[in-house]
Amino acid sequence: MLDIKRIRTDFEAVAEKLATRGVDAAVLNEMKEIDAKRRNILVKVETLKAERNTVSAEIAQAKRNKENTDDKIAAMQNLSAEVKALDAELAEIDAKLTEFTTTLPNIPADSVPVGADEDDNVEVRRWGTPREFDFEPKAHWDLGEDLGILDWERGGKVTGARFLFYKGLGARLERAIYNFMLDEHGKEGYTEVITPYIVNHDSMFGTGQYPKFKEDTFELSDTNFVLIPTAEVPLTNYYRDEILDGKDLPIYFTAMSPSFRSEAGSAGRDTRGLIRLHQFHKVEMVKFAKPEESYEELEKMTANAENILQKLNLPYRVVALSTGDMGFSATKTYDLEVWIPAQNNYREISSCSNTEDFQARRAQIRYRDEADGKVKLLHTLNGSGLAVGRTVAAILENYQNEDGSVTIPEALRPYMGGAEVIKP
């Protein structure tokens, strides 16, 4: 959530930044006018209340003097009626301002490339060289079916489109991957957490999914509960409405969880395979940091995600997202895109973002600065470390052999009971 004071005092700069995220200047101008109206009404209310207090004192004095108070009582009633009417108007204005501040996206950092969409993203670096095959590489969905480890047909029968069963070494591979990821993040100082997979609406508001993106979630009908779209939600809200000790920052959390997404607006995109599912496992990283340290922490978090891909020897590239492609809560985002041979393309496998104080303001996560004793909003960061299903897809395609088998990456073999190959 944006700071209304920042919008008020630095309006032109904020408007210019938000315009790069598709926010119409007319929206901000309307917000500015409503905010000015609110402040004028507040002045009127305080003036009227002061007058009412004066009249009340005069009534008390008149009663002590046994004087007639009818006129003064009538005047006080009129003042009270005016205050009541203005309070009602203020409530409407506050609701409108809340709607503005909770639905406007975060302000992009100066280092974020300006652009309309993903075509304007900027590649930062690459790692590894895509493998050259001496045979036609298969898509991971075909490999998975041929190996008997992925079953979309029965997933569709039991649930519906974009669901599947992992079987045998497929299930073992999925488990090996997320255990490996959690172990690697643990070495980097992350505390492993098992979170609830259901959260309340306040938690969804805290991280920015609500109210704007309700259509992307699975709500439990007639309840205050939602299936988590990412472990970012429970991990970040762990400290909601709390004040942390500044000397304890930064704090690192990691968790593996299922993620549930309706994929509204994704009709026709990635209809086959593991790239876009309604339910998938993901290992998440979340950080709580002091403002002056958050961008250094973003670079470290991105490196933590890269470490997984490097140890799995999967070629990838790092991309800085443009202002038009970043997520709602982010002020800066790096995407990691892994090479998918059958698509001859890099596909997103991780997204690492600094939200600065955007989520912390919504969730009221603060810290007491040990330097001056003041309570301040901290910065929150989140990143995938990694999306597990997409990692399975990348391994199946990059490690496939001409006979249809798939070699298991060396880093995962200790987690696979020593198995080296998945054979048809």
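Every residue number used here counts from 1 along the chain in the order it is shown.
Cβ coordinates are placed from backbone N, Cα and C, and glycine is handled just like the others.
Here's what Swiss-Prot has on this protein:
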type	residues	note
BINDING	Thr230, Ala231, Glu232, Glu284, Ser384	L-serine binding site
BINDING	Arg261, Ser262, Glu263, Glu348, Ile349, Ser350, Ser351	ATP binding site
Additional residues around L-serine, ordered along the sequence, whose Cβ is within 8 Å of the centroid of Thr230, Ala231, Glu232, Glu284, Ser384: Val233, Leu235, Ala255, Ser257, Ser259, Lys282, Val283, Met285, Val286, Asn382, Gly383
Rounded Cα separation (Å) that holds between Ser384 (L-serine binding site) and Ile349 (ATP binding site): 8
Pairwise CA distance, Glu263 (ATP binding site) versus Thr230 (L-serine binding site), rounded so that it is a whole Å: 13
Among Glu232, Glu263, the one of these binding-site residues whose Cβ has the fewest neighbouring Cβ atoms within 10 Å: Glu263
Pairwise CA distance, Ser262 (ATP binding site) versus Ala231 (L-serine binding site), rounded so that it is a whole Å: 16
Nearest recorded site to Ser350 (ATP binding site) by CA-CA distance, among binding-site residues Thr230, Ala231, Glu232, Glu284: Glu284
Whole-number Å value for how far Glu348 (ATP binding site) lies from Glu284 (L-serine binding site) (Cα to Cα): 15
Rounded distance in angstrom between the Cα atoms of Arg261 (ATP binding site) and Thr230 (L-serine binding site): 9
By Cα-Cα distance, the member of binding-site residues Glu348, Ile349, Ser351 nearest Ala231 (L-serine binding site): Ser351
Length of the line joining the Cα atoms of Thr230 (L-serine binding site) and Ser351 (ATP binding site), in Å: 12
Fewest-neighbour residue among binding-site residues, criterion Cβ within 10 Å, set Glu284, Glu348: Glu348
Other CB atoms within 10 A, centred on Ala231 (L-serine binding site): 28
